[in-house]
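Colleague: Provided herewith is a single structure, encoded as structure tokens, for subsequent inquiry.
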Amino acid sequence: MSEKYVVTWDMLQIHARKLASRLMPSEQWKGIIAVSRGGLVPGALLARELGIRHVDTVCISSYDHDNQRELKVLKRAEGDGEGFIVIDDLVDTGGTAVAIREMYPKAHFVTIFAKPAGRPLVDDYVIDIPQDTWIEQPWDMGVVFVPPISGR
């Protein structure tokens, strides 16, 4: 990936609230299935905004920090997804999204970010990201002291 897109906590919350507003009325949803790990924080934000208490996970591994690798389902939520929102942080090449669609064909699949290759596989998203851009999520970064340029 040649470019990086850094997401702050504030940006993430703003984007999640925008997505939540599109998912109203909240009474239409039985619950949320968050794709672990990228969808965990966005899933918590959606659950808060929509007042949803039923939150489950589907645990899929497809990345090793910044390298995509073979897809592995570690745990899945039961059912076909009817009445559920499935949330992930982003859709990239579409590998995870295809697996989600197969597991939960009746779910409403949403992400915060979408890259061109995976965009057709989600029902809704908030931000377009170029395909060759790596997204640095706030939960993957730490806040550190940066000394002044002058050194004083």
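Just so you know, glycine gets a Cβ as well, placed from its N, Cα and C.
Pulled the feature table from Swiss-Prot, pasting it below:
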type	residues	note
BINDING	Arg37, Gly38, Arg69, Asp88, Asp89, Leu90, Val91, Asp92, Thr93, Gly94, Gly95, Thr96	5-phospho-alpha-D-ribose 1-diphosphate binding site
BINDING	Arg69, Asp92, Thr93, Gly94, Gly95, Thr96, Trp134, Ile135	GMP binding site
BINDING	Asp89	Mg(2+) binding site
BINDING	Asp92, Ile135	guanine binding site
BINDING	Asp92, Ile135	xanthine binding site
Colleague: Rounded to a whole number, how many Å is the Cα of Gly95 (5-phospho-alpha-D-ribose 1-diphosphate binding site) away from the Cα of Ile135 (GMP binding site)?
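Modeller: Ile135 (GMP binding site) has its Cα 17 Å from the Cα of Gly95 (5-phospho-alpha-D-ribose 1-diphosphate binding site).
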Colleague: Give me the Cα-Cα distance between Val91 (5-phospho-alpha-D-ribose 1-diphosphate binding site) and Ile135 (GMP binding site), rounded to a whole Å.
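Modeller: Checking the Cα atoms of Val91 (5-phospho-alpha-D-ribose 1-diphosphate binding site) and Ile135 (GMP binding site) gives a distance of 11 Å.
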Colleague: For the binding-site residues Val91, Ile135, work out the Cβ neighbour count at 10 Å and name the residue with the minimum.
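Modeller: Selected from the binding-site residues Val91, Ile135 on minimum Cβ neighbours within 10 Å: Ile135.
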Colleague: By CA-CA distance, flag whichever of Gly94, Thr96, Trp134, Ile135 among the binding-site residues is nearest to Arg37 (5-phospho-alpha-D-ribose 1-diphosphate binding site).
Modeller: Thr96
Colleague: Please report the Cα separation of Asp89 (5-phospho-alpha-D-ribose 1-diphosphate binding site) and Trp134 (GMP binding site) in Å, rounded to an integer.
Modeller: 13
